[in-house]
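Report on the following structure.
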Amino acid sequence: MRHVLLIFCAIIATEALLNTGLQLKIDELFDTPGHTNNWAVLVCTSKFWFNYRHVSNVLALYHSIKRLGIPDSNIIMMLAEDVPCNSRNPRPGTVYAARAGTNLYGSDVEVDYRGEEVTVESFIRVLTGRHHPATPRSKRLLTDHQSNVLIYLTGHGGDSFMKFQDSEELTNVDLAYAIQTMFEDNRYHEMLVIADSCRSASMYEWIDSPNVLSLSSSLTHEESYSYDVDTDIGVYVIDRYTHYTVNFLTKEVKALNSSANMQDYIDSCPARKCLSNTGVRKDHYPKDVKRVRVTDFFGSSRIFQHLSEEIVLDDEFWA
(Lines of atoms letter the chains of each structure in order from A; the text may use other names.)
(Lines give C-alpha, C1' and ligand atoms only; values in the text may rest on other atoms or scores of the structure.)
Protein backbone atom coordinates (compact mmCIF):
# COMPACT_ATOMS: atom_id res chain seq x y z
CA MET A 1 0.00 0.00 0.00
CA ARG A 2 2.86 2.33 0.86
CA HIS A 3 4.44 1.76 -2.57
CA VAL A 4 1.13 2.48 -4.26
CA LEU A 5 0.85 5.81 -2.43
CA LEU A 6 4.39 6.75 -3.44
CA ILE A 7 3.66 5.98 -7.09
CA PHE A 8 0.41 7.97 -6.89
CA CYS A 9 2.23 10.98 -5.38
CA ALA A 10 4.90 10.74 -8.08
CA ILE A 11 2.24 10.81 -10.80
CA ILE A 12 0.60 13.89 -9.25
CA ALA A 13 3.96 15.65 -8.94
CA THR A 14 4.81 14.84 -12.56
CA GLU A 15 1.50 16.23 -13.77
CA ALA A 16 2.06 19.39 -11.74
CA LEU A 17 5.47 19.87 -13.32
CA LEU A 18 4.13 19.28 -16.80
CA ASN A 19 1.51 21.97 -16.25
CA THR A 20 4.15 24.52 -15.21
CA GLY A 21 7.65 25.31 -16.35
CA LEU A 22 8.52 21.87 -17.70
CA GLN A 23 5.63 21.97 -20.16
CA LEU A 24 6.79 25.35 -21.40
CA LYS A 25 10.28 23.96 -21.91
CA ILE A 26 8.86 21.04 -23.89
CA ASP A 27 6.76 23.40 -26.02
CA GLU A 28 9.83 25.53 -26.70
CA LEU A 29 11.73 22.43 -27.75
CA PHE A 30 9.16 21.55 -30.38
CA ASP A 31 9.33 25.07 -31.82
CA THR A 32 13.12 25.07 -31.91
CA PRO A 33 14.27 25.39 -35.54
CA GLY A 34 15.42 22.08 -36.97
CA HIS A 35 17.35 23.52 -39.91
CA THR A 36 21.07 24.02 -40.24
CA ASN A 37 21.27 26.29 -43.28
CA ASN A 38 19.25 28.94 -45.12
CA TRP A 39 18.85 29.54 -48.84
CA ALA A 40 16.95 32.04 -50.96
CA VAL A 41 15.76 32.17 -54.56
CA LEU A 42 14.92 35.76 -55.55
CA VAL A 43 13.31 36.19 -58.96
CA CYS A 44 12.38 39.25 -61.02
CA THR A 45 10.36 37.83 -63.91
CA SER A 46 9.82 41.09 -65.85
CA LYS A 47 11.77 42.65 -68.69
CA PHE A 48 11.54 46.24 -70.02
CA TRP A 49 12.49 49.55 -68.45
CA PHE A 50 9.02 50.37 -67.12
CA ASN A 51 9.29 47.33 -64.83
CA TYR A 52 12.21 48.96 -62.99
CA ARG A 53 10.44 48.37 -59.66
CA HIS A 54 10.54 44.59 -60.02
CA VAL A 55 14.33 44.67 -60.24
CA SER A 56 14.57 46.96 -57.22
CA ASN A 57 12.14 44.70 -55.33
CA VAL A 58 14.58 41.82 -55.63
CA LEU A 59 17.67 43.90 -54.90
CA ALA A 60 16.12 45.52 -51.81
CA LEU A 61 15.19 42.12 -50.37
CA TYR A 62 18.59 40.73 -51.37
CA HIS A 63 20.39 43.35 -49.28
CA SER A 64 18.07 42.69 -46.32
CA ILE A 65 18.75 38.97 -46.16
CA LYS A 66 22.48 39.48 -46.74
CA ARG A 67 22.53 41.87 -43.80
CA LEU A 68 20.97 39.10 -41.72
CA GLY A 69 23.70 36.65 -42.61
CA ILE A 70 22.64 34.69 -45.69
CA PRO A 71 25.75 34.67 -47.92
CA ASP A 72 25.84 35.08 -51.69
CA SER A 73 26.72 31.40 -51.98
CA ASN A 74 23.26 30.60 -50.60
CA ILE A 75 21.32 33.12 -52.69
CA ILE A 76 20.19 32.49 -56.26
CA MET A 77 19.24 35.83 -57.83
CA MET A 78 17.47 36.03 -61.18
CA LEU A 79 16.96 39.42 -62.90
CA ALA A 80 15.15 39.36 -66.24
CA GLU A 81 15.95 43.02 -67.04
CA ASP A 82 19.37 44.67 -66.88
CA VAL A 83 18.10 47.98 -65.49
CA PRO A 84 21.53 49.34 -64.45
CA CYS A 85 22.77 49.20 -68.04
CA ASN A 86 19.53 50.23 -69.73
CA SER A 87 20.05 53.19 -72.06
CA ARG A 88 17.09 54.98 -70.45
CA ASN A 89 18.74 54.96 -67.03
CA PRO A 90 19.93 58.54 -66.32
CA ARG A 91 22.14 57.11 -63.54
CA PRO A 92 24.03 54.31 -65.31
CA GLY A 93 25.05 51.37 -63.17
CA THR A 94 22.58 52.14 -60.39
CA VAL A 95 19.21 50.96 -59.07
CA TYR A 96 17.27 52.77 -56.35
CA ALA A 97 14.24 51.67 -54.33
CA ALA A 98 13.57 55.22 -53.11
CA ARG A 99 14.14 58.70 -54.52
CA ALA A 100 16.56 59.60 -51.72
CA GLY A 101 17.82 56.08 -51.15
CA THR A 102 21.11 54.31 -51.67
CA ASN A 103 22.31 52.52 -54.77
CA LEU A 104 21.25 48.86 -54.57
CA TYR A 105 23.48 47.76 -57.43
CA GLY A 106 26.95 48.07 -55.93
CA SER A 107 30.05 46.00 -56.49
CA ASP A 108 28.95 43.48 -53.85
CA VAL A 109 25.88 42.32 -55.81
CA GLU A 110 26.05 38.86 -57.38
CA VAL A 111 23.45 38.13 -60.07
CA ASP A 112 23.31 34.43 -60.99
CA TYR A 113 20.83 34.55 -63.88
CA ARG A 114 20.27 37.68 -65.94
CA GLY A 115 18.38 38.72 -69.05
CA GLU A 116 17.43 35.87 -71.37
CA GLU A 117 18.74 33.32 -68.85
CA VAL A 118 15.67 33.99 -66.70
CA THR A 119 13.06 31.57 -68.01
CA VAL A 120 10.42 29.28 -66.57
CA GLU A 121 12.66 26.33 -67.42
CA SER A 122 15.72 27.75 -65.67
CA PHE A 123 13.66 28.60 -62.58
CA ILE A 124 12.20 25.08 -62.39
CA ARG A 125 15.66 23.60 -62.88
CA VAL A 126 17.02 25.70 -60.01
CA LEU A 127 14.32 24.43 -57.66
CA THR A 128 14.46 20.78 -58.69
CA GLY A 129 18.24 20.62 -59.11
CA ARG A 130 17.95 19.08 -62.57
CA HIS A 131 20.72 20.97 -64.35
CA HIS A 132 22.97 20.33 -67.28
CA PRO A 133 26.18 18.75 -65.91
CA ALA A 134 28.20 21.83 -66.96
CA THR A 135 26.09 24.21 -64.84
CA PRO A 136 28.41 25.87 -62.27
CA ARG A 137 27.76 25.58 -58.55
CA SER A 138 26.97 29.29 -58.33
CA LYS A 139 23.84 28.69 -60.42
CA ARG A 140 22.64 25.72 -58.36
CA LEU A 141 20.42 25.55 -55.29
CA LEU A 142 22.50 23.14 -53.20
CA THR A 143 19.94 22.53 -50.47
CA ASP A 144 19.28 19.42 -48.40
CA HIS A 145 16.75 18.08 -45.90
CA GLN A 146 17.97 20.57 -43.27
CA SER A 147 17.61 23.69 -45.43
CA ASN A 148 15.07 26.44 -44.89
CA VAL A 149 14.31 27.93 -48.30
CA LEU A 150 12.85 31.35 -49.16
CA ILE A 151 11.34 31.65 -52.65
CA TYR A 152 10.44 35.20 -53.68
CA LEU A 153 8.78 35.97 -57.02
CA THR A 154 7.97 39.46 -58.28
CA GLY A 155 6.58 40.57 -61.62
CA HIS A 156 3.29 40.69 -63.48
CA GLY A 157 0.72 38.00 -62.79
CA GLY A 158 -2.84 36.93 -63.33
CA ASP A 159 -5.18 34.25 -62.06
CA SER A 160 -2.97 31.14 -61.67
CA PHE A 161 0.16 32.41 -63.46
CA MET A 162 3.13 34.78 -63.43
CA LYS A 163 4.60 36.15 -66.65
CA PHE A 164 8.26 35.51 -67.45
CA GLN A 165 10.00 37.82 -69.93
CA ASP A 166 6.57 38.95 -71.21
CA SER A 167 6.60 35.85 -73.41
CA GLU A 168 5.86 32.80 -71.26
CA GLU A 169 4.07 31.90 -68.04
CA LEU A 170 4.87 30.07 -64.84
CA THR A 171 1.59 28.50 -63.73
CA ASN A 172 0.62 27.65 -60.18
CA VAL A 173 0.70 23.98 -61.19
CA ASP A 174 4.31 24.38 -62.38
CA LEU A 175 5.27 25.92 -59.05
CA ALA A 176 3.46 23.24 -57.04
CA TYR A 177 5.13 20.49 -59.10
CA ALA A 178 8.60 21.94 -58.52
CA ILE A 179 8.06 22.23 -54.76
CA GLN A 180 6.66 18.70 -54.55
CA THR A 181 9.72 17.44 -56.42
CA MET A 182 11.91 19.26 -53.91
CA PHE A 183 10.06 17.57 -51.06
CA GLU A 184 10.40 14.11 -52.59
CA ASP A 185 14.12 14.68 -53.16
CA ASN A 186 14.69 15.97 -49.59
CA ARG A 187 15.70 19.42 -50.85
CA TYR A 188 14.17 21.45 -48.02
CA HIS A 189 13.25 21.36 -44.34
CA GLU A 190 10.77 24.24 -44.36
CA MET A 191 9.88 26.69 -47.10
CA LEU A 192 8.49 30.21 -47.35
CA VAL A 193 6.97 31.16 -50.71
CA ILE A 194 6.25 34.85 -51.39
CA ALA A 195 4.54 36.03 -54.58
CA ASP A 196 4.41 39.79 -55.19
CA SER A 197 2.21 40.45 -58.22
CA CYS A 198 -1.40 41.05 -59.13
CA ARG A 199 -3.69 38.15 -58.14
CA SER A 200 -0.68 36.49 -56.55
CA ALA A 201 -2.62 34.37 -54.02
CA SER A 202 -3.54 32.12 -56.94
CA MET A 203 0.10 31.05 -57.21
CA TYR A 204 -0.04 28.90 -54.07
CA GLU A 205 -3.46 27.31 -54.62
CA TRP A 206 -2.01 23.99 -55.82
CA ILE A 207 0.83 23.69 -53.33
CA ASP A 208 0.20 20.58 -51.21
CA SER A 209 3.72 19.79 -50.05
CA PRO A 210 4.35 19.70 -46.29
CA ASN A 211 6.12 22.41 -44.28
CA VAL A 212 5.39 25.17 -46.79
CA LEU A 213 4.18 28.61 -45.68
CA SER A 214 2.86 30.72 -48.57
CA LEU A 215 2.29 34.49 -48.68
CA SER A 216 1.10 36.87 -51.37
CA SER A 217 0.80 40.61 -51.90
CA SER A 218 -2.81 40.34 -53.08
CA LEU A 219 -5.74 37.94 -53.17
CA THR A 220 -6.77 36.09 -56.32
CA HIS A 221 -9.28 38.75 -57.42
CA GLU A 222 -7.13 41.78 -56.51
CA GLU A 223 -4.44 43.95 -58.05
CA SER A 224 -1.10 44.65 -56.38
CA TYR A 225 0.19 48.22 -56.24
CA SER A 226 3.40 50.21 -56.60
CA TYR A 227 4.65 52.47 -53.83
CA ASP A 228 6.95 55.27 -54.94
CA VAL A 229 7.62 57.01 -58.25
CA ASP A 230 10.84 58.77 -59.18
CA THR A 231 9.94 61.63 -61.50
CA ASP A 232 13.57 61.98 -62.61
CA ILE A 233 13.49 58.58 -64.29
CA GLY A 234 9.74 58.41 -64.89
CA VAL A 235 8.97 55.03 -63.32
CA TYR A 236 7.91 53.52 -60.02
CA VAL A 237 10.90 52.29 -58.04
CA ILE A 238 9.38 49.69 -55.67
CA ASP A 239 6.13 47.86 -54.99
CA ARG A 240 4.13 48.38 -51.82
CA TYR A 241 4.36 44.87 -50.45
CA THR A 242 8.12 44.65 -50.86
CA HIS A 243 8.58 48.19 -49.55
CA TYR A 244 6.83 47.30 -46.30
CA THR A 245 8.65 43.96 -46.14
CA VAL A 246 12.05 45.65 -46.34
CA ASN A 247 10.89 48.39 -43.97
CA PHE A 248 9.82 45.75 -41.43
CA LEU A 249 13.12 43.87 -41.71
CA THR A 250 15.09 47.10 -41.30
CA LYS A 251 13.21 48.35 -38.24
CA GLU A 252 12.12 45.17 -36.46
CA VAL A 253 14.78 42.61 -37.41
CA LYS A 254 18.02 44.43 -36.75
CA ALA A 255 19.96 41.30 -35.82
CA LEU A 256 19.71 37.52 -35.99
CA ASN A 257 18.65 37.31 -32.35
CA SER A 258 15.56 39.42 -33.03
CA SER A 259 12.36 38.10 -31.43
CA ALA A 260 10.15 39.28 -34.31
CA ASN A 261 7.95 36.42 -35.45
CA MET A 262 6.29 35.51 -38.73
CA GLN A 263 2.89 36.78 -37.57
CA ASP A 264 4.49 40.18 -36.99
CA TYR A 265 5.79 40.06 -40.54
CA ILE A 266 2.44 38.98 -41.98
CA ASP A 267 0.77 41.90 -40.19
CA SER A 268 3.34 44.43 -41.43
CA CYS A 269 1.42 45.28 -44.60
CA PRO A 270 -2.30 45.68 -43.82
CA ALA A 271 -4.76 46.70 -46.53
CA ARG A 272 -4.55 50.38 -45.56
CA LYS A 273 -0.84 50.28 -46.48
CA CYS A 274 -0.70 47.76 -49.30
CA LEU A 275 -4.07 48.88 -50.78
CA SER A 276 -4.77 45.18 -51.32
CA ASN A 277 -5.41 42.28 -48.96
CA THR A 278 -2.33 40.16 -48.49
CA GLY A 279 -2.77 36.40 -48.70
CA VAL A 280 -1.60 33.71 -46.29
CA ARG A 281 -1.78 29.96 -46.63
CA LYS A 282 -0.56 27.91 -43.70
CA ASP A 283 -2.61 24.70 -43.81
CA HIS A 284 0.53 22.79 -44.85
CA TYR A 285 2.73 24.52 -42.30
CA PRO A 286 2.50 22.73 -38.93
CA LYS A 287 3.90 25.45 -36.66
CA ASP A 288 2.18 28.41 -35.05
CA VAL A 289 3.54 31.37 -37.02
CA LYS A 290 3.55 33.43 -33.81
CA ARG A 291 6.30 31.14 -32.54
CA VAL A 292 8.42 31.10 -35.68
CA ARG A 293 11.17 33.70 -35.85
CA VAL A 294 11.39 35.84 -38.97
CA THR A 295 15.09 34.98 -39.13
CA ASP A 296 14.21 31.31 -39.64
CA PHE A 297 13.65 32.29 -43.29
CA PHE A 298 15.16 35.77 -43.75
CA GLY A 299 18.40 35.21 -41.85
CA SER A 300 21.31 32.85 -41.38
CA SER A 301 20.91 29.76 -39.22
CA ARG A 302 23.97 30.90 -37.26
CA ILE A 303 24.09 33.94 -35.01
CA PHE A 304 27.10 36.21 -35.44
CA GLN A 305 28.03 38.87 -32.92
CA HIS A 306 30.10 41.77 -34.22
CA LEU A 307 32.79 42.99 -31.83
CA SER A 308 34.16 46.51 -31.98
CA GLU A 309 36.82 46.27 -29.29
CA GLU A 310 40.36 45.07 -29.94
CA ILE A 311 41.15 41.51 -28.90
CA VAL A 312 44.76 40.75 -27.97
CA LEU A 313 45.83 37.10 -28.01
CA ASP A 314 48.70 36.46 -25.58
CA ASP A 315 51.36 33.76 -25.72
CA GLU A 316 49.31 31.48 -23.49
CA PHE A 317 46.57 31.37 -26.11
CA TRP A 318 48.99 30.09 -28.76
CA ALA A 319 50.67 27.59 -26.44
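Placed from the backbone N, Cα and C atoms, the Cβ positions cover glycine too.
According to Swiss-Prot, the feature active site maps to H156 (among others). DSSP classifies H156 (active site) as coil under the three-state reduction.
Secondary structure from DSSP puts C198 (active site) in coil. A 10 Å cutoff on Cβ-Cβ distances gives C198 (active site) a total of 21 other Cβ atoms nearby, all chains included. The active site annotation in Swiss-Prot covers C198 (among others) and rests on similarity to another entry.
Mapped onto three states, the DSSP output places N257 (N-linked glycosylation site) in coil. The 10 Å shell around the Cβ of N257 (N-linked glycosylation site) contains 12 further Cβ atoms across the protein chains shown. Among the features that Swiss-Prot reports, N-linked glycosylation site is placed at N257, with the record citing experimental evidence.
Annotated signal peptide per Swiss-Prot: 1-16, in sequence order.
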**Study point:** Neighbouring C-beta atoms (10 Å sphere around the C-beta of H156 (active site))
**Key:** 17
Study note, to complete from the structure: Here the Cα-Cα span from N257 (N-linked glycosylation site) to H156 (active site), rounded to a whole number of angstrom, reaches 35
Practice item. Using C-alpha atoms only, work out the spacing between C198 (active site) and H156 (active site) and round it to an integer in Å. Key: 6
